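Q: Got a structure here, written out as structure tokens. Questions coming.
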Amino acid sequence: MLFLGCIKEVSDYELAISLPSGLSGFVPVTQISDAYSKMLSKQVAQGECLEDLNSLSDMYSPGTLVRCVVTSVEKSADGRRSIKLSIDPKKVNKGLNASALASGMLLSGSVSSVEDHGYLIDIGVSGTHAFLPHQKAQNYIKAVKRGSDLKIGQNLNCVIVEVKSEGRMVCVSIDRSEVAASLATERQNWTLSNLLPGLVVKARVQKVAPLGIKLSFLSSFTGFVDFMHMDPEKSMNYSPDQVVKACILSIHPVSRVVRLTLRQAFLHPGGSPNQLSSDRMGAVVEESTVKAFYKQFGAIFELEDGTFAFARLRHLSKNRKSFKPGAFKMGCKHKCRIIDYSLMDEMCIVSLKYQVIEARFLQLQDIHTGDVVQGKVFAFKSIGMQVKVTDGIKGLVPSMHLADVILKQPEKKYSIGDEVRCRVLECNPAGKKLILTLKKSLIQSKLPVLSNYEDAKPGLITHGFVVCAREFGCIVKFYNDVKGLVPKNELSSEPISCPDKVFHEGQVVKVVVLKCEPQQERLLLSFRLSSKPVPEDKKECTSKKKQEVKYQIGEMVDVKVLKKKDNGLEVSILEDEGNVVALIPTVHLSDFVANCKLLWHCLQEGDVLPRVMCLSYKGEHIILSRKSAVISAVQEEQVVRSFSEIQPGMLLTGYVRNVMPFGVFVEFPFGVTGLAPKVSMSDKFVTDTKDHFEVGQTVIAKVMSIDEEKQRVLLNLKVSECSSGDSAAESFALLDQYFKEIKEIRNLLRSRGESSIDQGLCELMPGKELQLVVQDVKEDGSALFSGSCVTGWTVTATRYHLGDKSIVPGEKTKALVLHVDPLTSKVYVSLREKLLKQ
């Protein structure tokens, strides 16, 4: 369905559009135009910002009229419908073809490229090239763009000035006076299949009814103007055969019903509807007068300032039972509240519901950080719990904030629909983000709310919550993501050797501010509430001393595991007495992808890892690596430290940073990155790149070519190209390294012996002979086994490894261990005689 819409809000990823009849929809960033989508794809592929790719806010502003087409209507969990739209000319102008184009036609176009003498415009008509000369754009650029050029992806109202070569070439204008004077006529040969919203036509009134007017236009078409789109000044003065100017609002593709408007703001193409001043949103009107009541739709009211407002039927009373039509006769007065504004109807949307009029919050802008709000439990998510504050406002309670202590099963404490009292931790209307807490200690706190660094004056006492407890101290968070450090010496009047044993994540604490540097967003705190602020000169010396502690990339250090995180191990560097915290990502625990997950599983807090290499810095964090191949390459100086050192033909050791459908990005020590295209990834034919490589995998890459201007490196990952000579020796060396790591893991588990699975892993060595019982033979020919020596494990043999044996459930048999996967508790065995004899 085609609509004329008005841009309501512009964000990074979508346009919010006001549609007729109080509806609204969204245009995703991928539905602007072909040229803009190609630039977005290019930016994603290159991983860097393109100079000529402008953001949506650079090209679009609220109040602009646009033609759009409905692409889908989705229903959310709470029953609300979400209308997805497109303003891509190829979809909006789908009904047009080259032969139908005529001079004087007004249609949507999008800038597809900037040329020397003008712009190429995409009007969505196959086989037609549209050109906009500079002189036909100057008037518009001066008035609207304030001197800056048009941008690729910008949507324009175009008037066809000249049609050449039977529609294969057209010249267009966006001159404001030409667009404003445009009128659709019979000579332009419009049909119901290509008619567009936004066209202004001369129409004749056929019939006047209480709910609207029936019009005829362009000689053979009929359309309807509903009660919301009659000119408020003339709504009672229309009569049959009267000639009026009207603008097409929507065209239904199946029923071919055309809706029009007689409102003045739409009768000049390129115009803009009236806006509502922001201070009126949410305002309560004590006396609004009923002007008209429509039993199927709602009522029109005149507000105290003389403007008109519309209330939908469901907003006229608390529920259907309490609704009394007699209360809405013309002239009756009611109290109401402005809850929205429809740009396309130039009308306030109001509600007469008592609960809406008395509601404390109507939109996110009404909520402030630190507010205590009532809500209902709406849904459980993996990251926390959704709470419904009002019909249109939902917030998230992160898992850490579901109670004063961490809840492992929140659904046992809360049920859907439960009333809960929360406090607002963060409210960001622009990002449509509302974060709440259910911690009673924070909700009931009478201390000041700390929501920005400027308010953190030395001596201020307030409540916060611990987000991190380490050997160096505690990091405490407040409202609006404000956070500060409580150093080890300020944790207590008594020395605390292991803060992580005393303080836990999510714990609510009372702190005093010692020092704050708002510009650097640095905050120093103390749990010793009688503490005095640290003297400036002493503190500066301490911070300078800390800043001097640096580790060079390639330097080897010994570390101790502090905490296991989802993405790796948080460790302290022993050389610095454990004061420096670093991270070993899971993928950097080994050169072998399978061993990375296994090592993460086996290692525990307190374990010491010798000879780990400093790989890079990300923000304030040091990233470390245990990859033997990468460490060897750095120590043997088989690395490049900058782009200028790269030469075609070089063999470099690195690790996969990203796997994309078109190829693999490989990163090397010291930060140089290259791309191995799909054709250069493998000696085999590549269908799906993800079948060949994983993020973090260690690789040897050969430099194919370099582009100094764009600072790009093209790589080859084919084994046949990346071998240094003796490929057999290289393969055996890698296998030897793999088995050494497996042995290390087994020794680690043997020393712990915490579970039967860990003990089993130590005993189930590849090559070991087992006595098993056949449990089941599957349809694919594979078999499952059981036995006292494999309790707790799933033992499988594939059809091939059953050899020529015909086995039945319950039968006893010998089998040889081929592979053990402790993470899935699976053992793969073989019954083949050839292997058993060896």
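The backbone N, Cα and C atoms fix where each Cβ goes, glycine too.
Any TrEMBL annotation is an automated prediction that lacks curation.
The domain 'S1 motif' feature in TrEMBL is assigned to 1-88, 104-175, 198-263, 282-353, 370-439, 459-528, 649-718.
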Q: Pop the mean pLDDT for the domain 'S1 motif' (370-439) in here, whole number is fine.
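A: When the pLDDT values over the domain 'S1 motif' (370-439) are averaged, the result is 89.
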Q: Among the recorded stretches 1-88, 104-175, 198-263, 282-353, which has the greatest number of Cβ pairs closer than 8 Å to the domain 'S1 motif' (370-439)?
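A: The stretch with the most contacts is 1-88.
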Q: Ranking 1-88, 198-263, 282-353 by the number of C-beta pairs under 8 Å to the domain 'S1 motif' (649-718), which range is first?
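A: Most contacts with the domain 'S1 motif' (649-718): 1-88.
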Q: DSSP on the domain 'S1 motif' (1-88): how many residues come out helix, how many strand, how many coil?
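A: Each residue of the domain 'S1 motif' (1-88) counted once, the result is 23 helix, 36 strand, 29 coil.
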Q: Taking DSSP states H, G and I as helix and E and B as strand, how many residues of the domain 'S1 motif' (649-718) are helix, strand and coil?
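A: Secondary-structure breakdown of the domain 'S1 motif' (649-718): 9 helix, 35 strand, 26 coil.
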